[in-house]
Amino acid sequence: MLALLFKNFIRSKGTKVGLIFLLIIGFISLLIGQQFQQKQQNNIVEAATYQKEHIARNASYHKDDLGLLLYYIKFSLVNKTLPINSLAIGQRDVNPSIQNVTIRGLEGQKYDAELNNPNNLLSGNIDFSFVLIYLFPLLIVAFSYNLVSEEKESGTWKIVATQSENTFVYILKLFYIRILSLIVLLTVVLLVAVLFLAIPFDTALLTFYLLGVLYILFWFAVSFFIVSLQKNSNFNAVILLTIWLFLIIIVPATINTYVVNKYPVPEALELTVKQRNAYHEKWDMEKKITMDKFYNHYPQFKTYLLPDKEFSWLWYYAMQQAGDDDSAKESQELETKLQQRNTASQFIAQFIPTLHTQIQLNEIAKADLGNQLLFLKETKQFHENLRLYFYPKIFDNKAVNEENWSKFKVETFTDPSETNLVKTLLPLIFFNLLLLALGWINFKNNKLQTF
Amino acid sequence: MSLHVEILIAKHFKKSVFKNKAVFIITLFIGLLLLYAAFSGWENYTNQNETSEKYQHESREDWLKNPDKNPHRMAHYGNFAFRKSTPLSVFEFGMEPFFGNAIFLEAHKQNTANFSEAGFSNSMLRFGEVSIAMVLQILLPLLIFFLGFNAIATERENGTLKLLLSQGISWKQLLLGKTLGIAAVILLLFIPTIIILVVLWLVLQNFSISADETIKMGLFILFHFIYLMFFCFIAVLISAASKTSKNALISLIGIWLLFTIILPRTTQAIGAYLYEAPSKIQFQSDIEKDILKQGDSHNPNDPHYKAIKDSLLLVYKVDSVQKLPFNYSGFIMTEGEKISANIYNKHLETLLKVYEQQNSFSKAVSFFNPYIAMKNLSMGLSNTDYDSYIDFQKQAETYRYDMAQKMNALQIKYISNKKPGPNDKPLTIDKEHWAEVDEFQYQPKGIVAVLKSEMISIISIILWISFLFVLIRIAAKNLKAI
């Protein structure tokens, strides 16, 4: 029986076209992922060679002035890109994965944007997460909107009802073969991805896969529920597409507007205006004010006294430091707001399976806002370490060639956050069970057997 | 020509549509969504412009408040370009969330446009945004299809189509009548929307509107109207050509998905895949390499700057730069700024060419996809399109360059060429000079420039309309009642 149903399903032209289309676009998404991966890797190589040449060149120009040399040279920190990131590019196209900083004020450098074609950002990537979240549901809807209803409309349902012992089991079987075919498709694409993109078999990949399976099941559960209402095919098609439209565009967009308006970030512009002034005004102030601030922040440098000259690097870097210190409040507020945005959207997303899946996939791929915030934090730490290392050397007027400049390699930040399986999978499991139960109740109430 | 029959058919269709409870609910819902979109667009716009104006003003005050100092320090103090939105962007957000909102403008350095909404959001934004334009361009066509799929197919299924045609109604009258019927329902949503739109738009500008904005608004309304009518015709034509209403529905949904979801993303992705753009690090290191080739002002032995020095010494007949009658380092910085800005602009042009190649696919596809044509046009009219953003960045760069060179000129003119000793006070000029640099004012592209860059979209929409008329003629001749 099951074999026959499967044959009937796969023989239909629409089915074949749909499955092949999805398979092809799945593979295209892997190509796009591969290009993304390569670009990220090239950037890291480029950053490493650039840093090496750049430091060496400047060190040869400014042999006798360490303070001036450090005014110029930049150090890079890379936000590690996992291979699985190619499946869910997330926010990694908007945000730069490499930070380049000098030891001068950080606030003026930290938020430097990546170069981008806004057109690409607007239309979005065709990464695998797009295929999974947008296109799989469309195929699921196309496969199941006319189950039962079509047979009723063509009059064959009565034959089915009289010939099979339990029509409910028959319906389950119809769903079963469809679910199986799409899960096989998901598995095939992901297996190819593993080989093609060198994704390691680890918990991240397993979570990604489980999330994908649950997401597919979610859409089948939605279809199952709609089919259980036993309306005609047209009604089912309209209602399923409307649900898709809601969950894919309208609800996420509405929630986004809500979150953005609830946590506006004027701090960003305030911060950038403030840090400029905070540093520059120190040029025209008593040096003592700046130095007191500096000694307050770094008591360990109190022993370095201001030389009796109009300009000294100690004073200069103390002014730069003041730019950061005086705008620390705004910087902290901005970080808090962004954290709030992230937490709020993650919380709301639990109730919207599409949104939840996208956010979780990005989180697994370390490509969400949370990762970006951690990277910014790490940038601050990285910058602070550079300062603490170089400040005493500059203040001591150490010679440039005393330093082994080649040891300053590009550093890498690895996001340590781990995905919580329960938090990731539970919302989808809950919705799946709920819809299944509701659908089952509908079928029972409608007394299917009487048809 | 009397449209009596057509109007009768239309009225009848409209009545039958409103017998359907689901239609009521959907229409009501879209109405609510439109209100929400207007509200959030308004919030967005006022937030964006208030913040941007506030800090533009504040940073200007800060600039003017600077005491006497060396002009080069002012060149490093720098200015900001904050992006402002145009009134129409309340209805069409376009690419705005992906635009950087602030550029720091200082000497020697072209900074990136930072603080885009997208950078501060998680992936939610990537699902799209609810704006009036989105409702008009994406949701209303779908509603039209939902209303229209059974316009003729159901009559065929019921057998009433034969009756209608045998009563002397021509196919042309039938097609036109049904289209008018759908249009009448859609206008019930469209007209109130437009009224709200215009009122909002007037209030936003305190009722003092420019001719430029008015033309943009007029075209925005006109083209959206044409666009929606186009979908009404498509719905009826597909319905007439389909055997059953189910087939009509499935075909229409397919068309809708293709036009609004699949094609826009894939065509842009193809462009981005084929023409790979350099990343920031690549772009910047390329520029640095070229600047080094031209002449490195930091390198004391650089041949380019040495040649300049030698020729200056020769012309002024002195033996050291300290004896020159003007500020030598100001002169060198002027040259350095010119070289680096030129090289930067050249690289930027190359980069923008790559972007344009990426965009060329989706621009070309607007000939096959009226949605992309409409979207591009409406983004152009609201100055939220690609060209407007590039225009903003270019205006900011011009301002930056002029500011830096102004400060260099002040240095050449007023700063003594003799370097102060280690304990001397730094050389300064009077703070009055700061006001000589004007405030940055972003000028959105005018209607003529917009129409020029969106010519393809307009041609495409006109072609689609003519194609439709041909299609109706063919259909009227060849359609069968069974």
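Note: Cβ is positioned from N, Cα and C throughout, glycine not excepted.
Long-range neighbours of the transmembrane segment (A:128-148) within the same chain, counting only residues 6 or more positions beyond its ends whose Cβ lies under 8 Å from a Cβ of the stretch, are 14-15, 18-19, 21-22, 25-26, 29-30, 33, 86-90, 157, 171, 174-175, 178, 182, 186, 189, 193, 212, 215-216, 219-220, 223-224, 226-227, 230, 233, 236-237, 240-241, 244, 248, 354, 357-358, 361-362, 365. TrEMBL lists A:128-148 (among others) with the feature transmembrane segment.
Feature annotation from TrEMBL assigns transmembrane segment to A:175-199 (among others). Same-chain neighbours of the transmembrane segment (A:175-199): 2, 5-6, 9-10, 19, 22-23, 26-27, 30, 33-34, 37, 83-84, 86-87, 128, 131-132, 136, 139-140, 143-144, 147, 205, 208-209, 212-213, 216-217, 220, 223-224, counting only residues six or more beyond its ends whose CB sits under 8 Å from a CB of the stretch.
Residues or ranges marked as transmembrane segment in TrEMBL: A:205-227 (among others). Sequence-remote contacts of a segment are chain residues at least 6 beyond its ends whose Cβ falls under 8 Å from one of its Cβ atoms, and for the transmembrane segment (A:205-227) they are 84, 87-88, 132-133, 136-137, 140-141, 143-145, 147-149, 171, 175, 178-179, 182-183, 186-187, 190, 194, 199, 236, 239-240, 243, 353, 357, 360-361, 364-365, 419, 421, 424-425, 428-429, 431-432, 435-436, 438-439, 442.
Under the heading transmembrane segment, TrEMBL lists A:234-255 (among others).
Sequence annotations record features per position, and here TrEMBL assigns transmembrane segment to A:425-443 (among others).
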Taking residues 6+ outside the transmembrane segment (A:234-255), which of them lie with a CB under 8 Å of any CB in it?
133-134, 137-138, 141, 145-146, 149, 222-223, 226-227, 345, 348-349, 352-355, 358
